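For reference, the structure I am asking about is given below.
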Amino acid sequence: MFKFWGSQEQQGQPRPQEVAQGPAQSWYPPSVVGSPSSSRPATPTSTSSSTSHSFQSPAERPLSPSPAEAAAFITLLKDKSVDELRKLLSDKDAYHQFLLSLDQVKIQNNIRDELRKETLQLARENLEKEPRIMELRNQCRIIRTTELAAAKEKLNELERQKEELLRSCSPASLLQMLQEAMNKTDEESEALHRQFLDKEIDLGSFVLKYKKLRTTYHKRALIHLAAKASPTA
């Protein structure tokens, strides 16, 4: 039989599809090389992609590119030759360089670098503030052990004084104090009357002082009587 030219070379060299299928030679993720009939990345609507992702958790499931991103990837790959595509599939360094040349990857790397710098800056600022934090902790500990105890004792004393004032200002206490004042005024007026009878004081002074004492007594007596008659007493 006749052998056509190039038949042996074609049999000895792997096809692009076969290179894509070899797991040991491909640096693409499974979602890219999962389709045996094409060397291009599989779209999110393909049956093989949906089948392979159906058993993955949301955290493990790769993010599908948007139509605009997929179109941009296809534009970058469609102008490459077969040898270049084979090199991307088999050469890790070439695939890595191509990946870093993508705009989306550059943006993500820039964001990652900025976040790393901000995190390092925050960590340095926190370390610089550590002595101040330790000083404040020591001050709080001293306040709790010394000043706080004194403040609590002072507060308890003020609470006791408040309770005493409340008891002294209660209606029963006020009535008691008013009754004692009435009794004192009455005793003073009786003592003044005895002095007048014993001629220890003249008539003019006796009248002025006695009138003042009895007026005070009757005022307090009327207040005492009204307070006892009040419903709040």
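Each residue, glycine too, has its Cβ placed from N, Cα and C.
Automated prediction, rather than curation, is the source of TrEMBL annotations.
Okay, these came from TrEMBL:
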REGION    1-66  region 'Disordered'
COMPBIAS  29-58  compositional bias 'Low complexity'
COILED    110-195  coiled coil
DOMAIN    152-233  domain 'VPS37 C-terminal'
Give, as a single whole number between 0 and 100, the mean pLDDT over the domain 'VPS37 C-terminal' (152-233).
87
DSSP helix, strand and coil counts for the domain 'VPS37 C-terminal' (152-233)?
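Per-class counts: 71 helix, 0 strand, 11 coil.
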